[in-house]
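Annotation source Swiss-Prot lists site 'Important for catalytic activity' at His37, His261. Per Swiss-Prot, substrate binding site is recorded for His37, His261, Ser348, His419, Asp427, Arg477, and the stated evidence type is similarity to another entry. Residues or ranges marked as thiamine diphosphate binding site in Swiss-Prot: Ser40, His77, Gly123, Ser124, Leu125, Gly156, Asn185, Lys247, His261, Glu369, Phe395, Gln431. The feature Mg(2+) binding site is assigned by Swiss-Prot to Asp155, Asn185, Leu187. Taken from Swiss-Prot, the feature active site, proton donor covers Glu369.
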Amino acid sequence: MADSATLDATTVQVLQDLANRLRVHSIRATCASGSGHPTSCCSAAEIVSVLFFHTMRYRQTEPAHPDNDRFVLSKGHAAPLLYAAWVEAGSISEPDLLNLRTIHCDLEGHPTPRLSFVDVATGSLGQGLGAACGMAYTGKYLDKASYRVFCLLGDGESSEGSVWEALAFASHYGLDNLVAVFDVNRLGQSGVAPLKHCTDIYRNRCEAFGWNTYLVDGHDVEALCQAFSQAAQGKNKPTAIIAKTYKGRGIPNVEDAENWHGKPLPKERADEIIRLIKSQIKTNRNLLPKPPVEGSPPVSITNIKMTCLPDYKVGDKVATQKAYGLALAKLGLANERVVVLDGDPKNSTFFEIFKKEHPERFIECFAAEQNMVSVALGCATRGRTITFVTTLGAFLTRAFDQIRMGAISQSNINLIGSHCGVSVGEDGPSQMALEDLAMFRSIPNCTVFLPSDAVSTEHAVYLAANSEGMCFIRTNRSETAVIYTPQEHFEIGRAKVIRHSNNDKVTVIGAGVTLHEALAAADALSQQDISICVIDPFTIKPLDAATIISCAKATDGRVVTVEDHYQEGGIGEAVCAAVSGEPAIHVHQLSVSGVSERNRKPSELLSIFGVSARHIIAAVKYTLMN
């Protein structure tokens, strides 16, 4: 491969020819599928040609090698262009490319990690750069390796605020191994992008965010090579390349024309245009990428053991969010690849304990939750880290799309929500996570933990660290009593029956603070000669349906659920779904019924919303009378 400083005419021609071959592949594939975005592919053909066959270092036969340079296609609708590059690199056959978007083909309309050369799923715009930031941060500060990260964005998606959160993050951490390429083709999906072709405005904005910035003609391969070469020389700043391009480049009467987004060319026109583009190809040569510079350290992130048992005594009063902070610090001792990302509330959520003990593995993302989740997804790619994302549970709702895309990315990130439920008290409704269980229960392959004391919280942290797929741990601000001994064993999907006798009349299921309300209710009811079974589900997803059904049948089908969460999507609905095949089981649900309008103490709010011990007692008596 020629160096950009001595780029010869032959190399320039080969790169231009490769760009045109990428156009041909993209047009053919989208025509074959009858759907797709050929015009979005054509605008970035030269960019991808230069990246894959001149600038990036990688092993073609090992796309996921840890030392390879990374590429993130943030404008995921241009997936055929990415697949075309891998056709030219020899990893995909041309016939396979023609199966684009078919049910048995991994070449989807937007890229996902079902493909070995895709690290994160994209397609929901504005998220690729945040993931690229996570990869670059891992490379620079954790792996201390030579690999670089390139992210291709569309101009339309740069309207997303998450893009600018990522720009701020990369600048703050001096990610000089990161290059963002803005494909400024002027057109969005349904019309003109807000900044049109005003590349100077893009430059000014990127520079204001602390990036080295270069303006280039995005269809000039020589200029692109030079810009990428300059980016490689930059120190302590990320680089933005603002590439002026034209949507549908090379397609007569379509180039720079509106109303062609997401439309394949009619077959008769496509054949003619392919012949035209092919006539401009002067060589049949290819360029091989340079091999990567090896240097990424070997990592092991499986089978992590507790360094010691939880250090709590039954009866100790500890908030589960504090127990989580302490457990995470212990986990950091057990494995040096544990990384924590914080959204700024570390001083009130006990995440600063981890920062104090493992500062080199604590990533402050500030109040930018969307970017924080995207960065975490990037950090976790290629099995480089065990990643925990920490903030108030209410604020994770802002990042739901990033979390959703994380599931599509088959990511193993762990998210922890603190200050959950009305038990936050005087801070008011804006701080109360009351939708979080519904949100995370809806995420495929996501394990949802709801620990009820410090011991179970510590076990939840270790189980999450060793789990495949995404995990969510819900924690509370209120101090609650430790109810389990340090020797207690916990499993995902296995509930704990806390109170049980042969005379139980009703099964009561609570979790977190409401489990303690249920235990208080059980004590009060026992004074009235009414015995109840009390279950701690531990994980809300998967739910231990077998234990719940068994206990419910033993109490003549009478079940009461109580939760510090809205009814929709919460514990009650999860239990109803679990027992839906058992017509003799009837579930009475207690849950938060509305938004708190007043500042009250946690105990007062639990009572106001009908999820206190007093209301559990009333519900038990009601079920016994009906």
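Cβ coordinates are placed from backbone N, Cα and C, and glycine is handled just like the others.
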Cβ-based isolation winner (fewest other Cβ atoms within 10 Å) among the recorded positions Asp155, Glu369, Asp427: Asp427
Candidates His37, Ser40, Leu125, Leu187, Glu369, Phe395, namely the recorded positions, that fall within 10 Å of His261 (substrate binding site) by Cα distance: His37, Ser40, Leu187
Gly123 (thiamine diphosphate binding site) in three-state DSSP notation: coil
Cβ-based isolation winner (fewest other Cβ atoms within 10 Å) among the binding-site residues His261, His419: His261
Three-state secondary structure, which DSSP defines for Ser40 (thiamine diphosphate binding site): helix
Cβ-centroid neighbourhood (8 Å) of the Mg(2+) site, Asp155, Asn185, Leu187 excluded: Ser43, Gly154, Gly156, Asp183, Val184, Arg186, Gly188, Ala193, Thr245, Lys247
List of residues, in chain order, with Cβ under 8 A from that of Phe395 (thiamine diphosphate binding site) and at least 6 apart: Gly343, Glu369
Under 8 Å by Cβ from Ser40 (thiamine diphosphate binding site), same chain, sequence gap 6 or more: Lys75, His77, Ala78, Leu81, Gly154, Asn185, Lys247, His261
Spatially closest candidate among His37, Gly123, Asp155, the listed recorded positions, to Asp427 (substrate binding site) (Cα to Cα): Gly123
By Cα-Cα distance, the member of recorded positions His37, His419, Arg477 nearest Asp155 (Mg(2+) binding site): His37
Cβ-based isolation winner (fewest other Cβ atoms within 10 Å) among the binding-site residues Asn185, Ser348: Ser348
Packing count at Leu125 (thiamine diphosphate binding site) (other Cβ atoms within 10 Å of its Cβ): 22
Among His37, Leu125, Leu187, which are recorded as recorded positions, the nearest neighbour of Arg477 (substrate binding site) by Cα: Leu125
Mapped DSSP class for Asp155 (Mg(2+) binding site), helix or strand or coil: coil
